Amino acid sequence: MDSLQSSFFLATVPFLSSPRQPSYKPLKILIRSSVTPDPWSLSDGNDPSKPKPRSMNAKNPLSDDNARRIIKAKAKYLSQLRKNQGPRAQTPRWIKRTPEQMVLYLQDNRNGHLYGSHVVAAIKRVRALAQKGEGGYDMRQEMASFVGKLSYREMCAVLKEQKGWRQARDFFAWMKLQLSYRPSVVVYTIVLRIYGQIGKIKLAEETFLEMLEAGCEPDEVACGTMLCTYARWGRHKAMLSFFSAVQERRIILSVAVFNFMMSSLQKKSLHRSVIDIWRQMVENRVAPNDFSYTVVISSLVKEGIHEEAFRTFAEMKNVGFVPEEVTYSLLISLSTKSGNRDEALRLYNDMRSQGVVPSNYTCASLLSLYYKNGDYSKALSLFLEMEREKIPADEVIYGLLIRIYGKLGLYEDAEKTFEETERLGLLSDEKTYLAMAQVHLGSGNVDKALKIIELMKSRNIWFSRFAYIVLLRCYVMKEDSNSAEVTFAALSKTGLPDAGCCNDMLNLYSRLGLMEKAKHFIAQIRNDKVDFDEELYKTAMRVYCKEGMLRDVEQLIEQMGTDISCKDNRFIQTCFMTVCNHRGDEQLHEKDLAALVLMLNLYVADGNFNKTEEILRLMLETAGDALKAETLTGPLIKLGCRLEAGTIASLITLYAKQHKLKKAQEVFAAIPDSLTYEKLIYKSMIDAYVKCGKPEEAYSLYKQVAEKGDDLDAVAISIVVNALTNSGKHQEAENIVRKSLKGSLELDTVAYNTFIKAMLEAGKLHFASSIYERMLSLGVSPSIQTYNTMISVYGRGRKLDRAVEMFNAGCSFGLSPDEKAYMNLISYYGKAGKRQEASQLFTKMQEEGIKPGMVSYNIMMNVYATAGLYHEVDELFQAMQRDGCSPDSFTYLALVRAYTEGLKYSEAEETIDSMEKRGIPPSCAHFNPLLSAFAKAGLIREAERVYKKLLTAGLYPDLACNRTMLRGYMDYGLVEEGINFFERIFGSVEADRFIMSAAVLFYKSAGRDIKAEGVLNSMNSLGIPILKDLEVGLKLKTPSL
């Protein structure tokens, strides 16, 4: 830029106009045709005796009668060629030519090309010099054959087509020696553009100065080329200086140049300069395009000029441009961070109305907004919309979804989301791990939370201050004081611990009875000047009050009361007034009841009755306030205080979590009549009954509400229905479902899912299907749980085709089937004998990235075991262990069934032995397939051996095993053995129709009619009818095939 010291930057006078070049008009030569039409041919309209009327724009005669047709055909061909090659196709522009020009055109042999043959040859000659190094050629010698053959325009064309800057430089030097050369801003602009494209800025500046010295005044194209060169290569200081000179010369640049400069500045985060360029652009009345608005709005937002950003956005829309997604996303994120929820939603709705598909960054901003405002249903709806639009979710979105599921108490869904994030390879941020750990803490599962943090450690993810805080909470909940102290020490190294962490440590010491450590800890954090909050003050005082250390409490409160930061804290000031006999209590208009109760407990323990009576008087004066603390709600209800419904519901929920149902009932019974009909209180009490294992009481309370004419919400009804279903009260659950469907209550997806599942468990498959149809007719969106339940409904009803339709419907709505949905359908395929379809679906599930669990492997193994495909079962067994799934009792049962159905009896018995060696105790269900196989094959002695082995294993044979043995004795005519077996088990088994009928038959076959009559009388007294189609020795009569 220093080399550009010329009058261009110093003078402010307008540019001198360049001398006008004389124009030469070509001599028009009229060529007349001597050809006359054939008198014996039909007229073609070209009769010279009947000329056409003279038109306003007369066409020049052509040198060839057939030329017009050839030109039109060629033009049509090249027009089609341009369309196929796109907008940048370099095809000639068709113009009108005189016959002389047409002759020159044909002599040039262009044949439809952009340049003549000699121009093309010159371009190739100069380009070929790129193979030679610097100084390896002489441009004069190379171009000697072209001297005098190239016009000025043709030399410009050769220069423009050069790719190498050296060849352009040397050709330009040769060009200036030619007689046809004349200095022009056009040729200099071409050179500037070539230098700018490869970053030869110094050469470009020298060329620009040469242009000025040659008397060529730069126009907007030349200046724009120079500015774009500076912008392209990041020379922003030089660019801005050059731009100032251009502005002084009042040269109006194009919008493309302004966009190029602003984009380059924005890439280097020079947002203030972007805004200055934009304002110059507006001042010069250059019409911006959509790219201009996009760039400047981004810079305005990042520079903190938010109001102007929104004004520019509105202007952009008024002009008629549709903003890009990145612009919407930026403004939505800005509105979200500033807490302007309505503006963010308005922008999002406007974006969707314009047909703009949101990015995952936009969705993350909205999800964050919904999470902060507690609009969890809208957040989940947005996530479903993302799945429909196929918007890929990133780790931030999955992290927010995990937090939302945690807030809603959907801990399993949160865990599945975390696993899916890991499966997709997105799990890398510490925040996602900690979100999952916090969800586990919220569910009370400390061990899982610690596993998540250990997983984070094993992957060498850096621990932030927040990670230590979450880890400290884990150890506090686990009551591991040693680990908590180590974590607190590590947290202290990152900075002064906050009041919340100190409060957690104090609560831990208090619960564990480590009062000495608690007192030492209080002294330590006070010396470290930790900023106490109200909760920390309360905890510290409780520590002292628990030990009755009145003197320490008074010293602490006196010190807190004189602290300026505690001047406006009602809790501390109330304690200070109570303990220190402060007489200025008139200034404290509202006293803190929590502080009064704490002081009351302290002075009651100390035996100071005067202070006790004084505090009680103050509590009665302040008892009208509504509080939410558990320690105060009980006494205040007894004092007759009016509490909000939310307070009482919170206390009932708290007691329910602690399984203190009696206390919850006491609170519910003590509430005032004015709050008796609050739905929130009823809902919390119903939930308390369910959590404490009292579904009958929950149903009774529901009926009580219904009899009074009140309606509970969908959540409360779902809780009752689910509790009744789980306890086997299917008729009661059905009554509630039918009443809810008849009423005007608006049900959500969860409620419909609960109703369908309840009717499925009750065996009311048709009713469950009708509930689903009603759900669709009312426009309620099904979830993946809905489709999964409907697969079970149609599967149990043996409507396999409808079950498959449900599975496909879930996929078509953009809901990705989970492992449960896949295995549900696979199970019903297996029951229908469609093993190939089950196998294909199992393979598809794995291809979708869903890793089968132990239950999935067991289901698939049972499908093969039913057909005796023991090879396939064994392969699944090996794959299951490779995937890290430990086989359980059901796994071995599938193996035993497969081997017995495949007539591999020894392998089946070895399987039972191997499971015992692995520490998995076999059950009667494992022995029964082997017993049945031996009995059907007539291997009675082998069956007896297995039966004895069952007894040796310490098992008590169930009804199925005993029936199998008796069936074997009967089919093969072993009467005495059958009688002995019956007499051995008769006193220890329950009355069974088959066993007793077989005994009657055995006794009659042996001629022991009295015994047979005795068993028959026993059956009659028990109301058990005899089986009449039994026959001894049936298998002996059947001919062997």
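Glycine is no exception: its Cβ is also placed from the backbone N, Cα and C atoms.
In TrEMBL, annotation is done automatically, which means it is predicted and not curated.
Positions annotated as region 'Disordered' by TrEMBL: 36-65. What TrEMBL lists as repeat 'PPR' is 184-218, 254-288, 289-323, 324-358, 359-393, 394-428, 678-712, 748-782, 818-852, 853-887, 888-922, 923-957 (among others). Residues or ranges marked as domain 'PROP1-like PPR' in TrEMBL: 268-409.
Same-chain residues lying 6+ beyond the ends of the repeat 'PPR' (254-288) with a Cβ under 8 Å from its Cβ atoms: 220, 223-224, 227-228, 231-232, 234, 236, 239-240, 243, 247, 295-296, 298-300, 302-303, 305.
Tertiary proximity for the repeat 'PPR' (359-393) is limited to same-chain residues at least six positions away from its ends with a CB under 8 Å from its CB atoms, namely 325-326, 328-329, 332-333, 336, 341, 344-345, 348, 351, 400-401, 403-404, 407-408, 781, 813-816. Remote same-chain residues near the repeat 'PPR' (678-712) are listed as 645-646, 648-650, 652-653, 655-657, 659, 661, 664, 668, 671, 719-720, 722-724, 726-727, 729, 732, 736, 739, 743, 745 (criterion: CB distance under 8 Å, separation of at least six residues from the stretch ends). Residue counts for the repeat 'PPR' (254-288) by DSSP state, with H, G and I taken as helix and E and B as strand, are 26 helix, 0 strand, 9 coil. DSSP states for the repeat 'PPR' (184-218), grouped as helix (H, G, I), strand (E, B) and coil, give 26 helix, 0 strand, 9 coil. For the repeat 'PPR' (748-782), the list of distant contacts is 384, 714-715, 717-718, 721-722, 724-725, 730-731, 733-734, 737, 740-741, 789-790, 792-794, 796-797, 810, 813, 815: same-chain residues at least six beyond its ends, Cβ to Cβ under 8 Å. Counting residues of the repeat 'PPR' (324-358) by DSSP class, helix then strand then coil, yields 26 helix, 0 strand, 9 coil. Within the model, the repeat 'PPR' (748-782) shows a mean pLDDT value of 87, rounded to a whole number. Helix first, then strand, then coil: DSSP counts for the repeat 'PPR' (818-852) stand at 26 helix, 0 strand, 9 coil.
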